[in-house]
Amino acid sequence: MSLKDKTQSLFAETFGYPATHAIQAPGRVNLIGEHTDYNDGFVLPCAIDYQTVISCAKRDDRIVRVIAADYDNQTDEFSLDEPIVAHDTQQWSNYVRGVVKHLQMRNKGFGGADLVIAGNVPQGAGLSSSASLEVAVGTVFQQLYHLPLDGAQIALNGQEAENQFVGCNCGIMDQLISALGKKEHALLIDCRSLGTKAVPLPKGAAVVIINSNFKRTLVGSEYNTRREQCETGARFFQQPALRDVSLNEFNKVAHELDPVVTKRVRHVLTENARTVEAASALAQGDLKRMGELMAESHASMRDDFEITVPQIDTLVEIVKATIGDKGGVRMTGGGFGGCVVALIPEEWVPAVQDAVSQQYEAKTGIKETFYVCKPSQGAGQC
């Protein structure tokens, strides 16, 4: 049963009338450009065919009722006329409440709604299930009430909700690609201007995501440390962000910086350059060059930004040894576990899957999860 069918039937069964709209917003994978977003840099993600789907309808009062199909049909209900506060026990509710609260600050022109939510974006894998939910909820109210908000505004609204209401410090990439993704394309995003450029993926290329299933523990504290180190670097150069520092400037004075900060800054500067070049390589159908850039990106995350773990490095080595120069593979996401992404010719998928299933668990004691994804359209009706 599709997510749409599942949410529509649960909607009718629970609320006693049919939903008028079904909205989807996808998860994402970042092909290259890691830890560049909060440095005002460039990222190159694509939306994937795993998504959050919400069946919904307007109400004629100011109440919002929500059912989470993936959490044993837990429910939430709140009024638009009362201050919206965090839910004591249901974390998923806070994503919905946060988005609605921040939407009210942007535009008061909407009333209540009934929502049933389901999704298949793997949680905790770094594929942005939370951003997908935030963008889906924002799109629900935008569509039901014809709010004059574009995809970028819905994305910013989701980011604000996550930063200020849920309390998780994230950049803008995840929400923006969920809102604006384009089928069969990646999106080069300038995280300062929020400008986007659609980049076609080479014909016959598959996006493969492999979850290491290594439980991420350090991700929150270490993420914040990396941000602070980058901010220290930007202050040293008296610039608002590392985006504004050139590699030449950096190389001249790198020896004056704290050695750890030097490594962090070098990663961000070189990763920005790689990301812009990767967009050109993809547009020219040059998977070989894309593969080289992904390999450089992974080495930089491992050695300079120090956010990989042995299990992730093992996965990358297995895939790289299998595909050679036929494509690329690197860690993707915040780090300390999570997933690797590979961009490879479709005909190489079985060989990669075989190699990983034969070697990864034997070397690490953990069984991976393998996803083959299609670059998909951003949020909208489904």
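Glycine is no exception: its Cβ is also placed from the backbone N, Cα and C atoms.
Annotated substrate-binding residues in Swiss-Prot are Glu34, His35, Thr36, Asp37, and among Tyr145, Tyr223, Tyr360 the one listed with them is Tyr223. Candidate binding-site residues: Ser128, Ser130. Fewest other C-beta atoms within 10 angstroms, Ser130. According to its DSSP assignment, Arg28 (site 'Transition state stabilizer') is in a strand. Glu34 (substrate binding site) sits 15 Å from Ala125 (ATP binding site), taking the Cα positions as reference. Annotation: Thr36 carries the greatest number of neighbouring Cβ atoms among the binding-site residues Thr36, Ser129 [cut-off 10 Å, Cβ to Cβ]. Within 10 Å of Asp174 (active site, proton acceptor), counting CA to CA, the recorded positions Arg28, His35, Leu127, Ser130 contribute Arg28, Leu127, Ser130.
In sequence order, Tyr95, Gly98, Ser130, Ala131, Glu134, Cys168, Cys170, Gln175 are the residues of the chain that are 6 or more apart from Glu162 (Mg(2+) binding site) and have a CB within less than 8 Å of its CB.
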